[in-house]
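Q: This is the structure I have questions about; it appears just below.
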């Protein structure tokens, strides 16, 4: 299949996707909103007044939902390499999470406060080389976990997108070292063909 044909096929699948249609109908920023809504419905992670950090946030599908749960007295910092249109109540940092400069900006905003929940929908820019892409994905996941381990409240939570493949089982073992409860969850709104699942880790050991 040519590149043009595969692009047309993706566009057709995307525009006819139930969750894309629903997101447009409801005015959500992306179909990813449904994933975080499913996670919240099942695990009730987000509560009023919480402090949440959203990694890989653009275009804001998760942040726009989470801010509704934590309310005006909560705090939400969102970070992404790409631009994100403003969301009321959300502080946004544009930058590469793996760079020291961006990490420092995030730490400045965190300001030594303990975080209640770190959520990550980060994914690397895909090159088409599955081995390389998977390695980059695991690297970002390890950075997100390190950030959570450093900044979470005792009994805090961590949610991250994981792609099943080389290194994913080892990554889950690392998460289990830091949290008492670790669950693998694939939302209905994840595409059936996708290798993605979400790790839902609660009761941070601190």
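Each residue's number is its place along the chain shown, starting with 1.
Every residue gets a Cβ built from N, Cα and C, even glycine.
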Q: According to Swiss-Prot, 60, 62, 80, 96 bind S-adenosyl-L-methionine; which one of 41, 116, 121 is annotated to that same site?
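A: Within the candidate list, Swiss-Prot flags 121.
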Q: State the Cα to Cα distance, in Å, between residue 121 (S-adenosyl-L-methionine binding site) and residue 161 (active site, proton acceptor), rounded to an integer.
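A: About 5 Å separate the Cα atoms of these two residues.
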Q: Roughly how wide, in whole Å, is the group 60, 62, 80, 96, 121 that binds S-adenosyl-L-methionine, by largest Cα to Cα distance?
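A: Of all Cα pairs among the recorded S-adenosyl-L-methionine binders, the widest measures 18 Å.
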Q: How many whole Å apart are the CA atoms of residue 60 (S-adenosyl-L-methionine binding site) and residue 161 (active site, proton acceptor)?
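A: Each residue's Cα considered, residue 60 (S-adenosyl-L-methionine binding site) and residue 161 (active site, proton acceptor) end up 15 Å apart.
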